[in-house]
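Below is one structure, written out as structure tokens; the observations come after it.
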Amino acid sequence: MNQLKKGAILSYLNIILTNVVGLVLTPFIIRSLGDSEYGLYTLIGAFVGYLSIMDLGLNNTIVRYVAKYRAENNKKKEEDFLGTSLMIYGGISLIVMIFGLSLYSNIENIFGETLNPEQISKAKLMMLLLVFNLMVSIPGGSFAAICNAYEHFVFPRAMNVIKYVLRSVLVITVLYQGADSVGLVLLDTILNVFFILISYFYVKNNLKIIFRFHKMNKRFIFEIFSYSMWIFLFAVTEQILWKGGQFIIGTKSDPSQVGIYAIGIVLGSYYAAFSGAISNLFLPKAIQMIVKKTSSIELTFQMTKIARFSLFSLMLIFIEFLLLGRQFVSLWVGKNYIESYYIAVIVMIGYTTPLIQKFANSILEAKNLFKYNALIYLGCIVLGMLSSLFLVEKFGVIGVISGIATGWIIAQIIMNVFFVKKLGLDIILFFKLTAKGLVFVFVLTLVVSFLITQIVLFKVGWLDFMIKAVLIGIVYICSLYTIGMNTQEKGMIVSLIKHYLKP
């Protein structure tokens, strides 16, 4: 099995581990820390998380340029590029330190009305640790990027899996020993430094990478930043989208509300992860079609094909969560977090269209039009954030996510117009073909499943939840296969099952 296949398997293993372990570990962390302490932990993590975007998209740039110079067999240019990157990373780490110390000195001014003196003290300690963590991890991310450029996919992904498993075990251990939120941040910092050092020695000893700066080339530096700028801008947008709400709530409400909001966002991110795994299977085919200058109508059909397979998993998760989500949240993290259910539902609704249109983003990147995507989303989500500042006063956490989601959906509408005008995609046909048969499956499953939740009732608990979830899954799969799927889709599913079942 080659590096690419092994790397893909490890990537999917990492997705499964992240989701499953996260579902198991989160309620344990909440119970161990308490609602307020957990809220403080997520608040400061989200706050400092804004600084993590300051890698300026350089990791993606490293993959592109190192792979390019390897193909050209130009070792000198590769060394010069890596030396230049190292210099830029040094400057970024210095800026992170300056911004971090500025935030540290203003903690009381920012959160003084919502945090008590003890929480302020802990927030400051976590801030220092997280800023140091970022100063190390931003340049440290370059080592994984170099591995990818050299097509050594296994090592960085194996390290991610090992790191996640080790962290999970150590989190349980330190919490049993009575650690607080500061202890968790300290643990993450130590683990991060340790694994970055391992990556450095791998790159140095196994790949024989040399960071050598030969000469200053202003044009080259400009070229690097002109490529990475739009990746950076989209990273800014994602930070605002996922962590901006926590910051708003942290300045207006107590830390427990931040925890409620964070849980809702986490559940929404799990929804996205399952779709991403399926969409990525079709990415090589998408790239080939773009390179061959395939017609717009063929691109639309391929986009529809990917969207339908994404919807097969998304619809099941959404129906299950819509009907059983309140019970799940109550069992998982407690009744105090019921509002997380509504936040997650809003996130899932807002996320569905971008998830089924991932293929369109591949086209944007291939045609060097990604900057429009970044600018449109940034503008609309900032407007959504501004509306959240007013909505939080009256509607609390639900108001915050509603404002942000509104901006998000407006951006999606604009991008769909862009897909028609600039890419020539037939978006109306796309939605018609994508929805064909699936709308009926959705409504039928929802109605039958609702009746199941009313009829099947054991003693409320995990057994009751699991039985209902399995029955809903059976109803959905049967109706999807008999009514929703076309002949080609059925054939692909059958051949896939046969492939994995053959001895």
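A Cβ is built for glycine as well, from the same backbone N, Cα and C atoms used for every other residue.
According to TrEMBL, the protein has these features:
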- 12-34: transmembrane segment (TRANSMEM)
- 40-60: transmembrane segment (TRANSMEM)
- 125-149: transmembrane segment (TRANSMEM)
- 161-179: transmembrane segment (TRANSMEM)
- 185-203: transmembrane segment (TRANSMEM)
- 224-242: transmembrane segment (TRANSMEM)
- 258-283: transmembrane segment (TRANSMEM)
- 309-329: transmembrane segment (TRANSMEM)
- 372-391: transmembrane segment (TRANSMEM)
- 397-418: transmembrane segment (TRANSMEM)
- 438-459: transmembrane segment (TRANSMEM)
- 465-483: transmembrane segment (TRANSMEM)
Of 12-34, 125-149, 397-418, 438-459, whichever stretch has the most CB pairs under 8 A to the transmembrane segment (309-329): 438-459
Non-local residues, at least 6 beyond the ends, that sit with Cβ under 8 Å of the transmembrane segment (185-203): 41, 44-45, 125-126, 129-130, 132-133, 136-137, 140, 143-144, 146-147, 155-156, 159, 163, 166-167, 170-171, 174, 179, 209
Range from 161-179, 438-459, 465-483 with the greatest count of C-beta pairs under 8 A to the transmembrane segment (12-34): 161-179
